[in-house]
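Worksheet: the structure to be examined is printed underneath.
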Amino acid sequence: MAEQIPLHPVRCPANRKRAAFLSAPGPGSERPRRFLLEDESAHLDEMPLMMCEGGFENEESDYQTLPRARAARRPRGLTRLLCGLWKLLCTNCCDCLVNVCRRKKELKARTVWLGCPEKCEEKHPRNAIKNQKYNIFTFVPGVLYEQFKFFLNLYFLVVSCSQFVPALKIGYLYTYWAPLGFVLAVTIIREAIDECRRFQRDKEVNGQSYTKLTARGRVQVQSSDIQVGDLILVEKNQRIPSDMIFLRTSEKAGSCFIRTDQLDGETDWKLKAAVSCTQRLPAMADLFSIRAYVCAQKPQMDIHSFEGTFTREDSDPPVHESLSIENTLWASAVVASGTVLGVVIYTGQETRSVMNTSHPKNKVGLLDLELNQLTKALFVALVVLSLVMVALQGFVGPWYRSLFRFLLLFSYIIPISLRVNLDMGKAACGWMIMRDQSIPGTVVRTSTIPEELGRLVYLLTDKTGTLTQNEMVFKRLHLGAVSYSTDSMDEVQGHLRQAYAQASAGGGTPPRKAAPSGPRVRRSVGSRVQEAVRAIALCHNVTPVYEARPGLSRDPEQAEADQDLSDQNRSYQASSPDEVALVRWTESVGLTLVSRDLGSMQLRTPGGHILTFCVLQLFPFTSETKRMGIIVRDEATAEITFYVKGADVAMAPIVQYNDWLDEECGNMAREGLRTLVVAKRTLTEEQYQDFESRYTQARLSLHDRALKVAAVVESLEREMELLCLTGVEDQLQADVRPTLELLRNAGIKIWMLTGDKLETATCIAKSSHLVSRTQDTHVFRPVTTRGEAHLELNAFRRKQDCALVISGDSLEVCLRYYEHELVELACQCPAVVCGRCSPTQKAHIAGLLQRTGRRTCAIGDGGNDVSMIQAADCGIGIEGKEGRQASLAADFSIRQFRHIGRLLVVHGRSSYKRSAALGQFVMHRGLVISTMQAVFSSVFYFASVPLYQGFLMVG
């Protein structure tokens, strides 16, 4: 029917007349333009996305379409008024009831004074973690409600209670109460054990001790006693107890690394910078001699952004610093280097980690739901059969008593032993899964849904640690005329050693001026290799870390002096594993990064000489630009160089003309390598001074700061010299490709939901064969408005049999306006890849797929996957590098991703077949016994006398 609905684009004459009429001045007044905009917005609200081929225009600009057939069915007149009033009344009543019951506190922005919790104007929640589902008062009622909300259990309870009435008593009480009591006892004991485990884990986390800095000195406090405004000292390898602003660190550079694998699933270390005003203070105790406060935005779920300000009032003039995500320390992260001091701004339920965690729910298998519906049908048949027997009896005497007795006699149709037999059968299936030697270490934590493993349609998987090992290996270096792979890296090392030996013999390279654009001079292969390796060794955000000698002083300055600076004690940390792989490769060929701080870095040549470079500017990688850059000055030659590296699509327009970049990028991508293009531009001192003045002015702008800064940086990114193309491989987990192929052949659609960058997720999807090489992919363009989302969905609708690649921000916009349409289109795709996906979005996607009536399974290995695992019909956790948080919260726990193939295809299918056969057998036996009871009662003049008694009724 949707194909027959006529569409009327906005460009039609009728719409022109309407627009002209709205914009034309009235007889006495002029219609304001803002009303026109509101009418257009309201008109767009009435234009749902058409989900049929006939519902789209050929041009993307025609996104405003109004189906007249739907508009004609809208109620009008008095009916519409009454419906609107009734809807408004019901909505207001429900909202008032919800507000009274919940009394949810409104979240507001706050001002936090350093070290003064008593100055907080509002009361904030306790910094306690609570994952329990019940308390001591709600445990028994809650468990009983979860059991008797199903018709099957409620029917058994009513039948068992009826045996206390002498006139309705059919058999012995134990024949009815024994099975029901056994099921309830097992359920209560299992829930009690789970609650005790949750309580112990919460008690362990809340009881962790931290150092609190006060005016009188340092005191030890428990994590649950931390308040907003406290100054908390967190040591290395210690969990951050609450959301804090980073004030000071023991590191000389004023920055530190933290691990956020339990927050966003990324095992890469994140670099955080302390507030410069507090970092410059001579000692930590000086924090109590200043009057300073932090203005923080209201608590929200976004873990990738923060806006706030730091103000010091006692200075003249007052010091104001803007705070961003780089100055924050979110709860559940772990300090990886140094000792940090922060001021608490959010606690308890208002922290980012808790707001992105969903509460666990009681999962019920589809088989149990189907049996529950079948029980209702059998109950109707039971009532009909009983009425027939009473009618044949002639409704003589107290016929209603005979009716109830016949209901009890024919209760074999719904055997009370059905639940017991199914639970025992599921427990046996779980025991067989854990005893399987082909998947060692598998643990069944929820024994009530093993048959769900054989009924899955969608598999939602994480990337980092689940499909990949998150270990990058440098594979290829291409210079245009020559290419080097892993087996020819010794040639690169030889060229590099020879080039730096000649430079040392010649007394160094004299400073060069930036030559005007003209014919390029062909250089030797050795000089090109030297330029490429040096660019890779400089253009990054990697920091070498040295461990202090054990057993020495804990004073920061003394610890820094006691560091072992040998190569064996050095490790590299960065926010991206790609950069670490590149720096490790430069070390393997002879050019080593030995030290780095915020203003300089040092490289060691193959001959042992130290090259010092001053870091003038650093432009970090963003999803919009898809590249990062750095401006450095060589201390020996005073040469200023601007290095840039990034994705090929972002670098191709800014580099000089070449005929090999596109072809080689395609070749490496087909090999499953992640490519980066490296380029440079030499600047004169005058050029850099001009750029610095314009860049500083753009950063101080109050309006459109990001756009102005990007414009200034892009002024340098022109006609850059292309140096090289690099290829890095992300190591996949063992047997990922055959496992995904097996699941696809089984009819399971796989969705990758990751918090990593969209480009990285796409590359891994292709290398793991989640998306086949011959399959088309539709990259969903970034959208921010409803109109853009409408256009992009229209473009995606025209694609046939292609994988969808979408970012979390675009997904959020589409779900806000076109939730049903997006889910319908995505479910038709053979695979979906979603990058920059928050934990809450993962759980939301799992819930949306459940509404389609198909069973979903979620698999992950980090704390950020817990919400998705708990929201899916079946959750699988992997014990990996990111801890056991996901495996403990999952229904099933495995050691490796490849084990999921046998778990789903073998054990899931057999569990489903056995549970279904057992349920059919028990119900078939009940029907046979009920038929014999009906024949017996009919022979003896429809008397309500039992044919069988005792344990036969138990089954």
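In case you wondered, yes, glycine gets a Cβ from its N, Cα and C as well.
Just so you know, TrEMBL annotations never went through curation; they're auto-generated.
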Annotated transmembrane segment segment (source TrEMBL; candidates 154-173, 174-193) | 174-193
Sparsest-packed among the binding-site residues, when each Cβ's other Cβ atoms within 10 Å are tallied, from Arg674, Arg836 | Arg836
Between Asp861 (Mg(2+) binding site) and Phe621 (ATP binding site): CA-CA distance (Å) | 26
Could you pull out which residues elsewhere in the chain have a CB under 8 Å from any CB of the transmembrane segment (377-396), counting only those six or more residues past its ends?
-> 151, 155, 402-403, 406-407, 410-411, 413-414, 923, 930, 934, 937-938, 941-942, 944
Can you count the other CB atoms that lie within 10 A of the CB of Phe621 (ATP binding site)?
-> 20
Specify the count of other C-beta atoms within 10 Å of the C-beta of Asp865 (Mg(2+) binding site).
-> 34
Nearest by Cα to Asp865 (Mg(2+) binding site), of the binding-site residues Asp462, Thr464, Gly755, is Asp462
Inside 10 Å of the Cβ of Thr464 (ATP binding site), count up the other Cβ atoms and send me the figure.
-> 30
